[in-house]
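K.L.:
Okay, these came from Swiss-Prot:
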- His138, Thr139, Lys281, Asn290, Arg299: substrate binding site (BINDING)
- His173, His218, His273: divalent metal cation binding site (BINDING)
Amino acid sequence: MVAPAPLVLSLGDPAGIGPDITLTAWAQRRELGLPAFLVAGDPEALKARVRQLGLTVPLAETGPEDAAGHFAEALPVMPAGPASTALPGAPDASSAPCVVASLEAALGLVQAGRAAALVTNPLAKSVMYAGGFPFPGHTEFLAARAARPGRPAPHPVMMIWSEQLAVVPATIHLPYADVPGHLTIDLLVETGRIVAGDMARRFGLAHPRLVFCGLNPHAGEEGTLGTEDEAIVRPAVEALKREGIDARGPLPADTLFHPQARAGYDVAVGMYHDQVLIPAKTLAFHDGVNVTLGLPFIRTSPDHGTAFDIAGTGRANPSSLVAALRLARRLADAEARLAAREGHRAASVA
């Protein structure tokens, strides 16, 4: 039986905790039952962090085809990009080429089918911008790389997932004052379609149940506390219903996240970042996973940043990375099973 392709992990900012959590996750691979993964990036940066953290983590420089064979005894690393001179906790714009090279190499493996899914370690936007990175973040970079001539560009959707709660913010990194101007019926409909489609295909939910938070307190109280919920959110929900998607809303966000309410839906779509990320991180601060929906490949990430202040100290918690690795493997396996079934059906029809 052929072993499944491994996951591939980008290094993230070498001055942050990406190397720390990667190494500590691998060190706990047996007790955690982690799926095999390969790191794309600078081996010397990892070796330096091994020494600083006092860990026993041998590295094996290899490619994805041999990663699973090495994984039990050594952390597989595929060298990629320039060497990093960054020190833990000392962000430096000169690290940007190292970060991009790691990400490009990891993505290339996934797009070539040599890795099953992409897991990205955290980067610092300020460092990347100072180094000339032209994208707002990981997600936009990946969407641009996934674009194909003659086809619409992918519409990436950020979902924060845990066993307790899955949420999607319709708008992400915007000042709150700018949110109403960015909300449109088309945006919410497209977001709902992508969420429903990926929850069905990759998460195995036959009929995903979506709820849409109201923008305003009490979901606007029928227009008395703002007009956006009746003018934008409700028409979007009705449009999704006409397409056969199980959608409800707008609903008051303040009563959507207690256990009884959560039992009634699969994904909550919020109108702005903190509306849904506060409950998500309250319920699963260490175990949340950032999943990018709407891309032609699987991408997960720990739901935290670079944490420069604790990089290299041994205090970084790898739990979110562990959850991201496990979810990436689960989604990749589900997609492989679905592709196999579709292939069998196509063959039987032919």
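Including glycine, each Cβ sits where the backbone N, Cα and C put it.
Give me the lay of the land around each of these features.
P.N.:
Residue density at His138 (substrate binding site): 25 other Cβ atoms are found within 10 A of its Cβ, drawing on all protein chains shown.
Under a cutoff of 8 A between CB atoms, and with a sequence separation of 6+ in the same chain, the neighbours of His173 (divalent metal cation binding site) are Pro136, Gly137, His273.
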K.L.:
Restricting to the record's substrate-binding residues (His138, Thr139, Lys281, Asn290, Arg299), give me the longest CA-CA distance in Å as a whole number.
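P.N.:
So the maximum pairwise Cα distance among the substrate binders is 20 Å.
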